[in-house]
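S.K.: Take this structure first; my questions come after.
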Amino acid sequence: MADKTAPQSQLKLEWVYGYRGHQCRNNLYYTSNKDVVYFVAGVGIVYSVRDHKQRFFLGHDDDIISLTLHPEKTLVATGQIGKKPYICVWDAATCETVSILKDGHEHGVAAMGFDKEGSRLVSVGLDQHSTINVWDWRKGKILATVRGHSDKVFDVQFHPYMDNTIVSCGVKHIKFWTLCGNALTPKKGIFGKIGEIQTILCLAFGPGNITYSGTLAGDVYVWKDNTLDSVIQGAHNGAIYTLDMCDEGYTTGGKDSMVKLWDTDFKPISAVNLANSQDGYKGLCVRSVCWRADRLLVGTQDSEIFEIDVKDKNKPQCLVQGHAEGELWALAVHPRKPIFATASDDQTLRLWNMTNSELLSKTTLENKIRSCSFDFDGNQIAVGFTDGSFMVLRSRDLSEVIHMKDRKEVIHEMKFSPCGKFLAVASNDNFVDIYSVDQRFKRVGTCSGSSSFITHIDWSEDSKYLQTNSGASERLFFKMPVGKQATNKEEIMSIHWASFTGVLGAEVSGIWEKYTDTNDVNAVDANFAAQTVVTGDDFGLVKLFRFPCLKKGAKFRKYTGHSAHVSNVRFSSDKQKVISIGGADHAIFQWKFYPQGSGSDDLSLGGVDAYLDSNSEASDSDLSDVGELDSDLEREKQVSYDRAIYKEDTKSLKKLMRQDMKAGDKRKKGPIDSLKLSYIHGYRGYDCRNNLFYTQSGEIVYHVAATGIVYSKEKNQQKFYTCHTDDILCLCIHPLKDLVATGQDRSSSYWTGDGKKLVSVGLDDNHTIVVWDWKKGEKLASTRGHKDKIFVVKWNPFDGSKLVSVGVKHIKFWTQTGGGFTSNRGTLGKVAKLCDMLCVAYGKSDDLCFSGGSDGNVFIWQGLNLQKVVKAHEGPVFSMHSLDKGFVTGGKDGVVGLWDDQFDRCLKTYALKRAAIAQGSRGMLIQESPAIRAIVLGHGKILVGTKNGEIIEVDKSGPMTLLTQGHMEGEVWGIDCHPTQAIYATVSDDKTLRLWDLATDHRMLNFKELKQAARCVAFSPDGKALAVGQKDGSFVVVNAESMDDIIHIHHRKEEISDIRFSPDTGKYLAVASHDNFVDIYNVQSTKRVGTCKGASSYITHIDWGSNGKVLMVNSGAKEQLFFEAPRGHRITMKSNDIEKFNWDSWTCVLGTACEGIWPPKSDVTDVNSTTDDFGFVKLFAFPYQQNYYMCCYDSDVEREKKMDYTSKIYISPIREKEGVKPHNQEQAQSTQNKPVASRNVNKAPLVQKADLPPSTGGKRRKITPVNELQLEYVHGYRGFDARSNLYYCNDANDVVFHAAGAGIVQNMSTGSQSFYLEHTDDIICLDVNQHPKFKNVIATGQIGNQPSVHVWDAVTKKTLSIIRGVHSKGVCSVDFSCTGKLLLSVGLEDDHNLAVWRWQDGTYLKSIYMTFVFISEYLNSLTYTGALSGDVYVWKENTLIRLVQKAHTGPVFSMFTTLRDGLIVTGGKELPRSKDNGPVKLWDQDMKRCKAFPIRDEGKRADVVKSVCRSKGKILVGTRDNSVLELSEKEGNIQILVAGHSEGEVWGLDTHPTLNHFITASFDGTVRMWDIAKKTLLARLEVGSARSVAFSPDGELIAVGLNNGEFLVLSVNGLKLWGKKRDRSGAINDVKFSPDNKYLAVGSEDKCVDFYNLTEGPSLNRSSFCKGIPSFVIQMDFSADSKYIRVGTGDYTPHVFKVPAGTLVEDKQILDNITWASWTSVLGEEVIGIWPRDSSNADVNCAHLSHLGSSLATGDDNGFVKLFEFPCSDRYASHKNYVGHSAHVTNVRFSSDDRHLISTGGDDCCVFVWKCV
């Protein structure tokens, strides 16, 4: 009978035919020693042209699609496809992995490039966002990541001449990225008018800022920075797929078969047309080029590699050939020579020489080929086509012999008979046709009967029989040549087959996994002599099995390299080689076959990858039988750590609680008394191991529950680490034995020998192994550990990059490579049986390793190979520890073994027996010989941890001391304290009752083994008896001293949940069960005397009244019931009576007296006493009736806390409209068919040009067009929702703050401003680096879906670093460390994460969760925090030491400490207002005395201060109303530095017709007039929420539209009310005076425009209104003659009406002759070009035409101010962008002299003044 084990024969990859040219580019290079490196399938190949040899890198598990070479030309980076693709960096000389880069991409890695130093790697993925990552590739760490583009990116490279610059290109785009910090900031390539926007395929670079790119059209685009500078047109006739640069110049290759050489200035040198070469062909397409010195490499799309001598370009040499794109299925080997044939969907048939690995000949046929076969002597070869025909050719010249077609569907298989007389042709038509060779291939028979297509056929040795396999898993036999089916079993059994290539049959049952699909294995070939069969399957694996292999699931050896399905495999005729071909990768692999006995046991397979082993997981032992299963071990493998609820869930429950709380509600205060943890009985041994150690000082460290314990055996005292939130499952100690690592969701962890790295293993399905830089909390590397559980992982003490893991039926040896690992499985050979590996230790050398097995053996490993085994224990070896002089082991047999340093001799054994436990031990063994789970040597002792929860110290001379112990595995529910003594009792599911000492001895006094698991226990009132309730519904009463049974009663079926003796004499015993009853027993008679009925659910708790006559009961249905004892009659008690009643105990969880103990949204079963299902022990005041009490409430704080920043990000238009946007509307027919010529008629101008007002002296200035904008001043400061964002800088000469998306530096002496404008959304926090080394360094954080922190220089405005990650929604606070090197950031996400960064390089260090606090200052080891109540809390470390009560009467929003003198400034909300109080206060160092500063801002009391800063006797103040003030400490004088609108959108804007003034109106309820030149506020008026504003033509009046439908007319002089009117209820969106000053037009949200006659005075009589407006009004413009008005509406259509009649004008002749007095409309054909392509979620809100009429300014929802030429009637007109506003720009206006442009912001509440250039 055939063996089920893996065969002894092996394969070694010898040669790979082919090169991946299709769908790839730039993947071919010369290495430093002039080898050629490339890839095909999943193999990286290094080809030595001189030696004609290949080396292979096999570290990938799917198709490689990208490759790049390190600048030193010794290292190669390759990227693959896959669900979780990774990048491998490997050595081209050794083909060993150097680093693995993981978890950066999805779907695949499309392109890569090293930087010029070679320390960083950039890559781009195939995901929908084309994610770009920058890697520190040696560490496997991502330095920066960003979404590359919405469409495919083809190439990405570092610019070698520009530091920190990356260029990416792809479908119709090119981007230039700047790497700053951990952020990549893009600049789109500006094509301008130099070249068309087209797809860019490849990149190269020139000195300075030059970039060359190859395009789809065949042009080379030359870029300077991000601007297209010139075009080299027609560089190729078709797409340029590849660009290469070298010292000699540049090389390009394209679709036109051409390779062109260019000099260093990109001038043409020469060209080569490969299509005309000896091996060339029409349609040859170049995909990769590499020019080095006098050699040129060229890779083609159809898998050839050419090498060209630059000096003799006309004789290219073809180095590599392979099949072109298309599936490869056909394979046949020559029957006598070392030749094989392949044929594919590329329509070529190719003959290959196995000896010299070269292509002998090829021919191209008319159809796709799916099968081929040599005849018996190899003179002819038959090929089968996809159209159902086949052809026979002569082998020597591939000339046609015959071409026949009898079938319609594909020919899957064909074979000549061994006698040479017949050819069998199997088709997809379910038939096999038999042709006679001698009769010129006449069909002489047909095999029919298969119900599906034929997949495989084989002839018998005598040519009399044929066997077939079909797609329906049928194996049929036919007599030849007639094709009659053979069914006689004896006849079939007697057949000897000439070949065996079928996948079905008893002979090959073992190739199939159990329960597998029979379509997974595609090909088989048997080597009868070597008793080996080779297979190829759909998983890309080539496998070797024994032949025959009769049982399913046989063991095998597997080999990787093919990326997808292996479509065919064949042994060579001499059986020395194996050929395998890949279907999708169309690669041909040639393997050397090493039969059994050829020395293959020592064969080095090499190139083992990170996830797959060359040997199968099931075949690392050649012995087929395995040891018997151990029940404890099997239970441990299957243990699950999932919980119904976790402690972390309290966070979400608190959120639900807050939803129910009113503003200002707080929980009721707790009791004054507190608890302190004193001692823990227990040790986690039942499912953990190696978790017990000696510290430096000889203390013992271990864990139980969620607590780490340090135990002093001399003092019998414990110290606790309680920062875990769930069960600790593993523990390890630092090599210096001073630090401990504990893991709560890990199965194992271990430090390196130098203590710098920590490795951990997860409990996920892949048992992921992670390596940590534990000091930084940074993940260094990770990999999938194993499909089954890993028990232990341990570092090699001699090599910090190597480790070993052991687990269920495996041991693996790992090497860390960058961010990943390579691994090899240990090979047992014939030395031992396969079993679970449970523990591991290293010997005296780095390759000597010892592992403990489940069979009781210790396995001794040398490198990867097992040398021998030593029987160490009877049962599993759970634990092992090594020292210099030897080893100590512990097993399930409860024996400790002490061994020499080679495991040759057991020096001594110690059995854990009760008799061996020394007197004075703190407990006793529950069971004899408990299983040992942890063992360690130290301080002359052996420390042992057992499965039963005991810790025992063994003296080498023999005595054993039990140090501490706890319950065994199982839940502990029952506990009760002795009524008079310091003793308590516990019961558990471990079936034990235990008595414990509560005094200082902390020992177990006594125990009793129970027959059932127990759930409750109670002492009798005299303490002499113990009642125990059990899970089976019974209970037992025992003698508390002797532990002897007194009574045992079993009346219930379900568990006893609570048990209680009645008080005083203990006459009655109440027994509560899950049967919903409480039984009452007479203790003396042991009779049941009553039953409490009426509960609708199981009983949870019971308590007796002090008189022993009343029983209180809680049930699982939240019922609080009362019963009279002993009969159990139900009684009713009122709430007040319950509290007044004298209860003997209160353990119930229900009732008004304890309603406050319940967490929000929790279930009745969550609280078990004053402990809960979240793992908390809580102490409450009793009775605890209220859940909340009223605390401080402040409207400003509540508004800030509830600020929704997601609605403020660029995601939606600020004003919802309906209709089709202008650029998507069809243009009118008249504009599409304009006449080419027209009569010379003077057409009226579209917009009237205004004369500029006279300058001083009466002369008119020269009118100049507006070409550029420069931001000059911002009226605004972000105070309404930000704080502590205002500082002095540059030695107090400047002030830095922020508004909108701008960081602002304002000079104190000149009042001028300069700006940092690199943010992309609202800035909401700011900090200044106070360290002298980092002078004037500013950090600002913004909102956004991917918010960033920018660090920049306040003097130069240069970006120093950009930091992204950790946070979402926004960054609400930043702070530099005292060293200036670290930056702390706080996010707006729900968890408000705190992140610590090394800001200079953007390295993320740590992240923690935070709770909401207002502000804090740190001084002299003290921390001051300002609170909502107005108090200041003073802390020393984490302890509150003092309270400064009512530092302010409202919340303390800001604090600032002056380090020079220690004085503290506070800013807050001050109410009530008084002369002696103020929102700014200056305090002494102790915050005991202060000076208050009342503040009057713009004549209005500013009672809320959000930011303060102090320097040189001055205090800088930022208010909630968005103003910045400076006050003098001595005099209290106030200077207004910045005056902005308060919170509320700013929509209303207009400029004075003659003066350099403008006016704004805002939702903050004010109208404000400003002076442009002086940058000051001239006047303000409270009017209510305002939407629009306009000056009259003479500048004497101002019209203001309000949101409530009212409008006002004010006189400019003093902003006095002239008149007001309200005829509408909707907001007034626009107001306009007619040019003749006669009418005022008022446009509203109510779809109306009303005209008011101003000549009739302040009565503002309405003359008429416009009729038929389809949507709300957005903008209006009068004609120059005041007769018409143009109205823009919310449905994106403009309409013209007569004034004042209000009738619609539709006559085109009239419309064409109207001249408009102004242009503010965003609608119409004249401005269709202002609408961008990507405006689906954003609108253009406003526009204004300059007075000269040539420049149009716009503002949009993307925060851009744009400048266009007017008119701009072409779609997507060119323009200039200006940034600074954070989101929606609501309005723009040119000043009267066109010298300035004013813009207003929606959410940012800011007014920007731009200088026109």
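Placed from the backbone N, Cα and C atoms, the Cβ positions cover glycine too.
It should be emphasised that the depicted structure is a prediction, and the values quoted were computed from it without experimental measurement.
In case it helps, TrEMBL gives these features for our protein:
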COMPBIAS  1225-1241  compositional bias 'Polar residues'
DOMAIN    53-307  domain 'EML-like first beta-propeller'
DOMAIN    328-592  domain 'EML-like second beta-propeller'
DOMAIN    754-953  domain 'EML-like first beta-propeller'
DOMAIN    972-1187  domain 'EML-like second beta-propeller'
DOMAIN    1546-1812  domain 'EML-like second beta-propeller'
REGION    1216-1261  region 'Disordered'
REPEAT    330-362  repeat 'WD'
REPEAT    559-592  repeat 'WD'
REPEAT    965-1006  repeat 'WD'
REPEAT    1049-1091  repeat 'WD'
REPEAT    1539-1580  repeat 'WD'
REPEAT    1621-1662  repeat 'WD'
REPEAT    1778-1813  repeat 'WD'
S.K.: Tally of helix, strand and coil residues over the repeat 'WD' (965-1006) according to DSSP?
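M.R.: Taking each residue of the repeat 'WD' (965-1006) in turn, the totals are 0 helix, 22 strand, 20 coil.
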S.K.: When each of 1049-1091, 1539-1580, 1621-1662 is checked against the repeat 'WD' (1778-1813) for Cβ pairs under 8 Å, which one has the most?
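M.R.: Between the candidates 1049-1091, 1539-1580, 1621-1662, the best contact partner of the repeat 'WD' (1778-1813) is 1539-1580.
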S.K.: With CB pairs under 8 Å as the measure, which of the listed stretches 53-307, 328-592, 972-1187 comes out on top against the domain 'EML-like first beta-propeller' (754-953)?
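M.R.: Out of the listed stretches, 53-307 contacts the domain 'EML-like first beta-propeller' (754-953) most.
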S.K.: With Cβ-Cβ distances below 8 Å as the criterion, list the same-chain residues six or more beyond the ends of the repeat 'WD' (559-592) that contact it, or say none.
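M.R.: Beyond its ends, the repeat 'WD' (559-592) has Cβ neighbours at 11-18, 20, 40-43, 56, 58, 60-64, 81, 303, 322-338, 340, 342, 344, 346, 352, 354, 357, 501, 522-525, 527, 529-530, 534-544, 605, 609, 612, 614.
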S.K.: Take the repeat 'WD' (1049-1091) and count its residues per DSSP category (helix H/G/I, strand E/B, coil), listing them in that order.
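M.R.: The counts are 0 helix, 24 strand, 19 coil.
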S.K.: Using DSSP, break the repeat 'WD' (1539-1580) down into helix, strand and coil residues and give each count.
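M.R.: Final tally across the stretch: 0 helix, 24 strand, 18 coil.
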S.K.: For the repeat 'WD' (1621-1662), could you work out the same-chain residues 6 or more beyond its ends whose Cβ comes under 8 Å from its Cβ atoms?
M.R.: 1547, 1587-1594, 1597, 1599-1607, 1609, 1669-1682, 1685, 1687, 1689, 1697, 1699-1700, 1702, 1717
S.K.: So what pLDDT does the domain 'EML-like first beta-propeller' (53-307) average out to?
M.R.: 94
S.K.: How do the residues of the repeat 'WD' (1621-1662) split into helix, strand and coil according to DSSP?
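M.R.: DSSP classes over the repeat 'WD' (1621-1662) add up to 3 helix, 21 strand, 18 coil.
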